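Colleague: Got a structure for you, questions after.
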């Protein structure tokens, strides 16, 4: 809104005056009546009109000034230089600022702690009406801006050190660096001390370093004796820089006076662990180097929150495990240092509260840490995610095991308290069957044209991770195949779980293998079992066969114990294209060790199959592995679960069969379909440990 126009104000005043003159019944007019004809003397009425109009003019002027100032503030917030996304949607930190301006002035509401036994019901109530109660609770939080001053953060020398102009540390909780001689305000960094559940200053919440502040960031890590950095953003999201890369990819680099050397880097599906050795490079420094672990959570999507809290809970446990008890505050940062950072800190604190008091008080804790750093937990979606993570933790607990305790755990799972109780294994599997099948996310598979492509209509892919084929020109629905991307232990979308091809979907199957550059096919069914078709034979016994634009030629077929290994030369050529034919070798591992009924008698065959597939992947590159049985869920899920579980056993000496299977069921319905298959997962792991424990460092 532009400044209130004086001409407009004058025009409005004149209208008021004319309205007053035109009213014949007013006392003012009657005072001017006279026995003499003619108009009244205008000079005589001026003092009275002036007294009437002055208050109106003053009121209008004050209103104009107020609206101009309000509009200016809103413009400053919304424009915020280049902090808009290309489509005009405001970034999270800007959404929060605008939202705070429109907050209801009514008094604060009170939200009480929730006993954990009531947590599921409370979340159900709050989630009704599109999470209306969650939004109400979130909008009742204090912003944190009122409780502190921001003088240091707003100093001219420090403004360029702030990534976002409206995300600043309070003066009373900011991290203070040692002053560098001759450099004013060199004690400033955009970072705040944040309490844990009961531990004061357990965390430092910081913005993602800018190029100009990397030296300060490492100075803070050294001076605060921090041993753990938690990173919750990617370097770029939506093509916008969220954090400057403040570490070397390899070797050493010096940031200011701190030398940082890479010691190790382990990439997992949800996060990456980097280990650095840091050491000050001052002439008179004789301090010993320190080891700093950076845990970088890479599964936070560009929009919203993670689809499931499982990955975050695993990540948080790893942070707790790696952080030494004697170390300084854990440094936590995202981009602004409030949204994802606050979410992580609140989940950690509330998990501790569950252990201590068997209840959670999310509202009170978020209110408290917003006094230390404004806007912690930035959106209602993040606020809701906290509750979802806490419910996941309460319902399923910590099911992770060290390999040395597996045998004892299996004994517990096979025991019962009374004859009427289910054994622990059945109860564990029952919890898995409670994982909700999200039918609302199966719209594509449920289209009539695509339902004809399903072997089992209950087992179709979710829309969010279905394998998408290129659309054939002029042919609708040809981008669909009943197949789902499934995460591996170290890599997202490492597997393509699919059904055994039908006669009319063989071409789609080979198109998928070709387009997604899959060099490995794992087949876990026979073509026929119990006189029923389970899978169309999609390869030639000899010579070659063509499906659409793809020709498959068999080059070799060898049987080793229970596994047939077939090598195919796959050729792709579009009939009307002038380009040369493209060829690729694809290897199929056909496992014959699965009986028609039940599960394999021992686990060695499955262990050998997984090892052979991994060796093939190392030679051909880590493109997706195509895995199928008949419906693409039971045996397929068991193979993928065991691949991920055994990979973790080898890498960490840890396993979590329950969460491994639960994660698969969130990606494709009915994965690991029966109690027998679930128990088989435990059996194979035990066999693996027994076979390799003599020369592997498991125990």
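One is the number of the first residue shown, and numbering goes on along the chain from there.
Cβ from N, Cα, C; glycine included.
Taken from Swiss-Prot, the feature active site, phosphocysteine intermediate covers 334, 629. The domain 'Tyrosine-protein phosphatase 1' annotation in Swiss-Prot covers 134-393 and is backed by sequence analysis. Annotation comment: Swiss-Prot describes 425-688 as domain 'Tyrosine-protein phosphatase 2', evidence class sequence analysis. The topological domain 'Cytoplasmic' annotation in Swiss-Prot covers 69-699 and rests on sequence analysis. If you look up Swiss-Prot, you'll see 46-68 marked as transmembrane segment.
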Colleague: Within 10 angstroms of the C-beta of residue 334 (active site, phosphocysteine intermediate), what count of other C-beta atoms is obtained when all protein chains are considered?
Modeller: 27
Colleague: If one measures from the C-alpha of residue 334 (active site, phosphocysteine intermediate) to the C-alpha of residue 629 (active site, phosphocysteine intermediate), what distance in angstrom results, rounded to a whole number?
Modeller: 42
Colleague: Measuring CB to CB from residue 629 (active site, phosphocysteine intermediate), give everything in the same chain under 8 Å that is also at least six residues away in sequence.
Modeller: 499, 500, 523, 524, 525, 534, 535, 594, 635, 636
Colleague: Specify the secondary structure state of residue 629 (active site, phosphocysteine intermediate) as given by DSSP, simplified to three classes.
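Modeller: Its secondary structure by DSSP: coil.
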Colleague: Taking every residue in the topological domain 'Cytoplasmic' (69-699), what is their average pLDDT?
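Modeller: PLDDT averaged over the stretch: 91.
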